[in-house]
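Engineer: Provided herewith is a single structure, encoded as structure tokens, for subsequent inquiry.
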């Protein structure tokens, strides 16, 4: 053994080829500080051996290296620029040491080689992947750029255009796609991986392969004619801006770094990367996106723990077909859990099956599935007009019309047919779970399971704990949601649960602006372009449906009359009463037609303005700051109330609920990250300016105390 540490082992194989194996404790290899220090020491030990002729890098895990240890980032990035620069330079010195070894090097890649893992393989002369390998530089998804030489080496290995696409999108690349562009030199079967890598090194030692020329290319400026370079970088900037926009600076910074470094050798090029990396690491966007990554890991970790308490879910049922039931059935069946789809009407069953078939056909058309897989998934969905097939289900999801009496009746009925230990969940967006439980004989085996529409696209599921829901029930539904490929958060029962409870104060702020003559299209523009929502409030209400919004608003007003009760009609009432229901009937705040691709197309409709003018008088202009304040303050305060009341367990879960359930702008990180970035004291001062507008704008005592102590919701 040449070198051994808890994360890396180096041994000498036959023919004086050394093997460096990444094999950290735990399930995966990460590039944390310990591994980086071990790699540095291992390379020093290797350099001291006079007989080594080549080096192969391998992994003792099912995957190569998944990337840096992102849990270290927020603390590290809070350091002074000088400290951060020192860390980046020290890390890069290790990668340079690997690249500069006086003999050929190769990486044997299996599973993920992402971020720092990808930058490791780029520092070697040869890269051999097995068929399971996925390679990529996902750093821009965290608001930063590669910091261990990725922006320097990748363009010199696969060309500027390919490298810019890889880096700016942050997408993982399959082994065969990496081979096409030259990121890897060969793709082999998993069992042949190490042998193939060693053979390539033997050929290099025997001078059958010119490893020195390959290495020199990475150390030199990019070989790109001036005109071609100008066209390449100009095109990349245009494409990046159209996708990333102004709120996500990292992809554009990556293009600029590759462009500026194109004429430089390795040393100067790396300095350009270092400076851009440090600048981005200090941004609020990086803090927000890294926070989302960590919160996602936290939420998924909680779901994994819940799985230990969960009852196994081998079969399921959904009551109520149609679009929602069909979506739930598709999601369950496509992830491997057979499901019965029960309805009282054959046309509804047909609609549900057609919905599932449509989603599957789209996957086949995109090459993401095959007709055989599609048939298998459809065979996992059993349509039924009677309850009999439901009796074997481990979990039954009720998804009938959003009406308390109808739901209560269906829940009481199905309970008579299911097994003693079956779990029943209601897919409701607003109705109290504890109220619905009153119709059931076993309320402890009942909870809420709120899917978001469209089911196949929206990652969040709210699992609602009723007054009597048992821990096994909650754990089992959380585990089932995870098995369906969803991100579950557990919330306690209250009107609107968590997501809708915090959404409707936002709509109330919007209604308040319209009541004073605000222009809904102008408000949408500010909330989309400046704040960063995927849809402004008017457009979102049209998509949700003004009838749905009208009903949910009434539920919220009844549940929280002091804050959400209202006197007189608001804009939602005006649209609803004039049968303007949104996209579903072609007219809401906007008018809708169908474009050439069959998608809804929105247009300004003068009728909407006439109706609002008749109700609220002449239009009045509001500036962007006021629009943002008056819509967002109510949502933020209500989110804080949910945390204080224990409706949601942590800032992390609240923020993930907002990002995954509502599309809260990821670059802002969620309400609690946004509050911490803004400063709680600054927010309280802003809210106080609008406190005269009512309870939705009045901060809680706990918020005021936190502000006075200069506190924050996250501990950095």
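For all residues, glycine too, the Cβ spot is worked out from N, Cα and C.
Pasting the relevant annotations from Swiss-Prot:
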type	residues	note
ACT_SITE	450	active site, for 3-hydroxyacyl-CoA dehydrogenase activity
BINDING	296, 500, 660	substrate binding site
BINDING	324, 343, 400, 401, 402, 407, 429, 453	NAD(+) binding site
REGION	1-189	region 'Enoyl-CoA hydratase/isomerase'
REGION	311-716	region '3-hydroxyacyl-CoA dehydrogenase'
SITE	119	site 'Important for catalytic activity'
SITE	139	site 'Important for catalytic activity'
Engineer: Pick the one among the recorded positions 139, 296 whose Cβ has the fewest other Cβ atoms within 10 Å in this structure.
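Structural biologist: Least crowded of the recorded positions 139, 296, by Cβ count within 10 Å, is 296.
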Engineer: Neighbour count, 10 Å Cβ-Cβ cut-off, for residue 429 (NAD(+) binding site): what number do you get?
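Structural biologist: Excluding its own Cβ, residue 429 (NAD(+) binding site) sees 21 Cβ atoms within 10 Å.
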Engineer: Which residues, sitting 6 or more apart from residue 402 (NAD(+) binding site) on the same chain, put a CB under 8 Å from its CB?
Structural biologist: 428, 429, 430, 431, 548, 551
Engineer: Just the number: how many Å between the Cα atoms of residue 324 (NAD(+) binding site) and residue 119 (site 'Important for catalytic activity')?
Structural biologist: 44
Engineer: Take the C-alpha atoms of residue 401 (NAD(+) binding site) and residue 450 (active site, for 3-hydroxyacyl-CoA dehydrogenase activity) and report the distance between them in angstrom, rounded.
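Structural biologist: Rounded to a whole number, the Cα-Cα distance is 13 Å.
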Engineer: Let me know the DSSP-derived helix, strand or coil state of residue 402 (NAD(+) binding site), please.
Structural biologist: coil
Engineer: At the level of the C-alpha atoms, what whole-angstrom distance separates residue 119 (site 'Important for catalytic activity') and residue 400 (NAD(+) binding site)?
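Structural biologist: Pair distance, Cα basis, whole Å: 51 Å.
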Engineer: List every residue in the same chain as residue 453 (NAD(+) binding site), at least 6 positions away in sequence, whose Cβ is under 8 Å from its Cβ.
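Structural biologist: Expected: 323, 324, 327.
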Engineer: With H, G and I counted as helix, E and B as strand and the rest as coil, say where DSSP puts residue 324 (NAD(+) binding site).
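Structural biologist: DSSP assigns residue 324 (NAD(+) binding site) to helix.
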Engineer: Looking only at DSSP and grouping its letters into three states, which state does residue 660 (substrate binding site) belong to?
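Structural biologist: DSSP call for residue 660 (substrate binding site): helix.
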Engineer: Ten-angstrom check, please: count other Cβ atoms within 10 Å of the Cβ of residue 500 (substrate binding site), all chains counted.
Structural biologist: 22
Engineer: How many whole Å apart are the CA atoms of residue 139 (site 'Important for catalytic activity') and residue 500 (substrate binding site)?
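Structural biologist: Cα-Cα distance, residue 139 (site 'Important for catalytic activity') to residue 500 (substrate binding site): 32 Å.
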Engineer: In whole Å, how far is the residue listed as 'active site, for 3-hydroxyacyl-CoA dehydrogenase activity' from residue 343 (NAD(+) binding site) when you measure between their Cα atoms?
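Structural biologist: The Cα atom of residue 343 (NAD(+) binding site) is 19 Å away from the Cα atom of the residue listed as 'active site, for 3-hydroxyacyl-CoA dehydrogenase activity'.
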Engineer: List, in sequence order, the same-chain residues at least six positions removed whose CB sits under 8 Å from that of residue 660 (substrate binding site)?
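Structural biologist: In sequence order, the residues whose Cβ lies under 8 Å from that of residue 660 (substrate binding site) (at least 6 apart) are 458, 459, 460, 487.
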